[in-house]
Amino acid sequence: MRPLLEMRGITKRFPGVVALDGVDFELLPGEVHVLLGENGAGKSTLIKILSGAYRPDGGEILMDGRPVEIRSAAEARRLGISTIYQEFNLVPQLTVAENIHLGRQPRRFGVVDRGAMERAARELLERLGIRVDPRARVADLGVARRQMVEIAKALGLRARVLIMDEPTAALSEREVRQLFRIVRRLKEEGVGVVFISHHLEEVAEIGERVTVLRDGRLVGRVSADAGRDELVRMMVGRSIEEQFPRRRTEPGEVLLEVRGLGRRGVLRDVSLRVRAGEIVGVAGLVGAGRTELARAIFGLDPADSGEVLVEGRPLEAPGPQEARRRGVGFVTEDRQGQGIVPPLSVAENLALASLERYLRGRVLVDRGRLLRRAREIVQSLRIRTPSLEQEIRYLSGGNQQKAVIGRWMLAGSRVLIMDEPTRGVDVGAKVEIYELMNRLTEEGAGILMISSEMPEVLGMSDRVLVMSGGRITGELPAEEATQERVMGLATAGSEAAVG
C-alpha cells in the first residue's frame, strides 16, 4: 500500500540546537501511527513542520507519493492535514459552535447562519458523544470539555491526516473510550492518524505501528504490540526499573488542614489533612470537584463556608497572596493558561512567587542573589534550557512543568497543591518529577496531589482521598488502595446534587 504521507530525512535546526536530524516518518491510509519520545525528543518540531508552523532545513515531504511544500497552516489544511495541539487553540470568548466553525462559518445571503452553524456543531458533538451545548462559551468549560471541543473542531475539517498531540491528557477514562471509537471510525474511512501519547498503555490499544524519537533522531520503528519495557528503553536509552519510585517517610506535623469547605454548586463539606513528609492523592472522575477543591484551598475561588489552616493557624484573609505568604504553593492543571507567562524568561517565571524574598531594602530586587538561586533550581531539576534568559515558551512541556514546580521551591513553600503534576510529561520526565516529590517530602514538605492517572495516584500517594459530587466519599491508605476500590468510591453519589 502506498503511504498517504512520507517524511524523508527531515532536518530542523535552531540556534545552538539540532531539533531534528535526518528523521524519516510515514503514515498509511487508515493507520494510527504512534509517535513516542521524551519531551525534547523532536516530536513537537516534527508535527509543527507537518502543520506548517515550521519549515524544515532539509529533507522532503510527500503526500500520495508527490512532493509537497507546507509553508503555512492554511496550506496544511488545504492538503488535508489537521492538527490537535496539546495546548488549546480555542477562542475562550466565542461559543463552542463558533470555535468549531472558526473561519468557515456557514452563510446565508452574506450573513453568518447561526442556526445552521449550531445545528452542524451539535451533530458533530453528538457524533463524538460530547454533552456540551454548542451555544456555551468555551471560557465556561473545564479543561476536559475544552479538549473535546478542540477535537471536534479538527474533525470537522474532514482531514485526511489527523495529528493528535496528547489528545487524551485531559480526558476521563470514559471520554478516552469515546475518542478511541471515533478514531477507529476515521480509520475505516481511510484517514491516517499520527497519535502522540505518553500513556504507553494506549499504544497497543489504538496504534498499528510506533516510531520512537530521541534527541532529535529516529531510534526505530516497531509494531504497536511491542512490550512496554522495549518502548521505554527506546525512548529514554535506559531501563526504568520502577515507574513510581515513592519513598515512604514518617508523617510529621499537620501542615495543611481543611475544615468543612463548601462552595455553592461545586464543593460540599470537604475536610482533609496533609502532614509533613506525606503525599495525599485526590482521585475522582471528571466533574467530581477535585480542581475546584484545589483552587478553593489556594484562594483562587473563594469558599462560601469552612476554613483552611496552615500549620495550625487559619488563613487570615483567604486568597492566593495570603496562601503564598504562609508557604502554600499551587501547580495548576492548565500549564499554558495559568502556570507560565510565555513571553517571560525562565528566571522570571521561576521568580514570580518569591520576589519579596529577594528584595534589597523595600523596593529593589537583589537580582544577583535571585539568579544564583534560580540557577541552582534549574540545575537541581535538570531543566533543559540554553540559559536562564531563554523565554520559557520555547522549552518543552516537561521542562516548563519542572520550572513551575521550581517556582515554589524558590519561594520556600512547605505545602504544595499539585493539580495534574505530570500532565503532558513524558515517561522519563515523570520519573524525575516523582523523584522531586520524594525529595520535597523528605525535606519536610507536604503534597496534595490531584491526578486523573490512576497508576500515578496509587503509585505515589501515602493516602488516597476519593471525591464524587463535590464531596469526599472515602479515604484509603496506600496499602489498601486499589483501582477497583477507588472507582467504587468515585462513582458513589456521583449523581447527587452539590449544595
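Even glycines carry a Cβ here, placed using N, Cα and C.
The ATP binding site annotation in Swiss-Prot covers Gly37, Glu38, Asn39, Gly40, Ala41, Gly42, Lys43, Ser44. According to DSSP, Ser44 (ATP binding site) is assigned to a helical segment.
The feature domain 'ABC transporter 1' is assigned by Swiss-Prot to 5-240.
Per Swiss-Prot, the feature domain 'ABC transporter 2' maps to 249-494; the stated evidence is sequence analysis. Mean pLDDT across the domain 'ABC transporter 2' (249-494) comes to 89 in this model.
Remark: Gly40 (ATP binding site) has Asp215, Arg384, Ser396, Gly398, Asn399 as non-local neighbours, by Cβ distance under 8 Å and separation of at least 6 in sequence. For Gly37 (ATP binding site), the same-chain residues 6+ apart in sequence whose C-beta sits under 8 angstroms from its C-beta are Lys43, Val212, Leu213, Arg214, Val219, Met235, Asp426.
The secondary structure of Glu38 (ATP binding site), as reduced to three states from DSSP, is coil rather than helix or strand.
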